[in-house]
Amino acid sequence: MEKISSLITRQRRGEKPPISNKLEIMSLYLKILGLDEDINKLNIIHVAGTKGKGSTCIFCEAILRECGFRTGVFTSPHLIDVRERFRIDGIDISEDKFLQYFWDCWNRLEENTTEQLSMPPLFLFLTILAFKIFISEQVDAAIIEVGLGGKEDSTNVIKEPTVCGITSLGMDHTEILGDTLGQIASHKAGIFKPKVPAFTVPQPPEAMDVILERAKELMVPLEVTEPFDCKQMKGLELGLSGDHQFYNAALAVSLSRCWLQRTGNWGKKYQKDSNLPDEFIRGLSTAHFSGRAQIVYDSSPNSDCSEILSKNCGGELIFYLDGAHSPESMETCAKWFSNAVKRYEISSHSSFEVENAEESLENGHFLHESKTLEQLEKSFRRILLFNCLDVRNPHILLPRLVNTCASSVISSDLHGIDLSWQFNLQRIWEKITHGKEMTTLLEKDFKIDNKEILPPHEFLYDDASSGCHSHNYLARSAVIPSLPLTIKWLRDCVRDHPSTRLQVLVTGSLHLVGDVLKLLKR
C-alpha cells in the first residue's frame, strides 16, 4: 500500500495530467513487461460512459461467467480494498495472487526506470496490473471499464477489442473532457476501433450525433439498444437496483451476445433460441456491485457492528448507499432512494403479522424475519449523509435530492480541522430547503474539541418548525467532523429512540460511500 500511495500524483482535479503522451508511455510500460503482444490475444469488452459503465461491466461479467467462461473484470474506483478493481470469475483477486502480480510488475518497471521514464502514475499502474493479471490468469473474457473519458484514457491502449460499449452520457469531468455533451461524447467514442462492433444506449441528440459520426468514420457497426424488458427475466429481478439499470442491462446483453458471436460461441448453444438464454437471466439476476444502489441494514447499533442483509430484513438503522456524483446520476439516485423507502414502508405495513420467527441463510448471512406490531408502527426519519469533492457543483447536485430527503446530516471524513467546504455545503442545503441564508457565525464558533460538537438526538425528532437551535447546528442540518462520529451518533439515536427507524441516504461521492461501508463492516 505504501508503494501504491507513492504513485498518487499530487495534482488537483481539473489540472492538466503530468503525462501528455499517455498512450505512448503505456505502450512502453507494457513492452517492458512483455505484455504488448499478449493484450491483443485477450477477448476484450471495452466500456466507456458517464453513468453506468461499471454496472454494465459487472452485468457482462456475470452473464459470461454463467455461460461457462473464465472472466476478468477491471473497474474503478475501489471502495474498501484495492483488490476490488480486479475480479476473476466474479470474485476479488486473492491477496496471494495480487501480491504475486503486483511485485512482478513493480520490480520490473522499477528496474527499467530512467530520467525519461519514471514509475507510472497510479491509474496507469493499476491498468497495467489488470492486463498482467488477466493475461496470466488466462481469462476467456476481459471486461475493461474506462477510467476517465476514453480517447486518452490509459485503457485505450487496447487496439483490438472484441466489442465496445458506451453507456449514458452526461456532464461530468467537464474540466478535462469539455463543457458540452458533444465534446464529452467525442472522448467517449475515442474507444471505437475500425470495423469493431459497438453498442450504445439512447443519448441526447448532441452526443448521439458525435457518436454516429465517429462510428461512420471508422466503419464501426453501431447499434442503439432499447431499455431492457423485465418480462424476459421470467419472474426474477435484476441484481442491481434502480430503473436506470434497465439501460445498463440491455447494453450488457447486447455486448455479451456480440462477444459470444464474435468468439464463435453463440451458434453452439443459442442460435435457435430467440428468447433470452437462461444463462443471461442468471447473470443479470445475480450481479452485485458494492456502493451502487446498495442497501445495508445495520444489524446491531448497540454493538457497533453491521451485516449486509437482504432487502426483506427489518432494521432500525438502514443505509442506502449510492456513489452518485454527477447531476444526472444524482437525480437517478434520488428516484431510486424514493422508490426504495416507499417499497420498504409498504412491505413493512402489509406484513405486520408473522406468527413464527424463523432464521434463514441468504447470501452468507443469517436473517431474522420476526416482526412485531410495535416494530412496524415505528415512525420513519429520512436523513441525507452527503459530501462531495470541491470540484463538484453542489448548487446543481443538492437540488436533485431536495424532494426526496426530509432531513440532512452533512458530514466529511476528517483529515485535519478545515471543514470550510462542509460548511459551504450546509449553507447551500439550508438555502435550497428553507430559502434562508445561514449565518457565518456557525462556522466561526465551531471547535473540534467543543463538547457540543454533535447535535443532541432531539435534532432528528423535534418538529422542524419549532427549531432546534444552537451555535453548532440548524434545525435540519449539521456538520459533523468525521464519519466514525457520524455513524456512532446515528447508532446512538436509534438506541435511545427505539420507536424510530432511520433511513440514511449516503451519496455525493464514491469515496464517502466506501468509507461508510468500511465503518459498517468493521
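Yeah, the Cβs are placed from backbone N, Cα and C, and that goes for glycine too.
Summarising the annotation, TrEMBL assigns Mg(2+) binding site to S76, E145, H173.
Taking Cβ-Cβ distances under 8 Å and a sequence separation of 6 or more, the neighbours of D322 (ATP binding site) in its chain are G291, R292, A293, Q294, S329, C333, W336, F337, L505, V506, T507, V513. Summarising the annotation, TrEMBL assigns ATP binding site to R292, D322.
The domain 'Mur ligase central' annotation in TrEMBL covers 47-194.
Ranking the binding-site residues H173, R292 by C-beta neighbours within 10 Å puts R292 at the top. The Mg(2+) site is set by S76, E145, H173; from the centre of their CB atoms, other residues of the chain with a CB within 8 Å are K53, G54, T75, P77, V146, G147, L148, D153.
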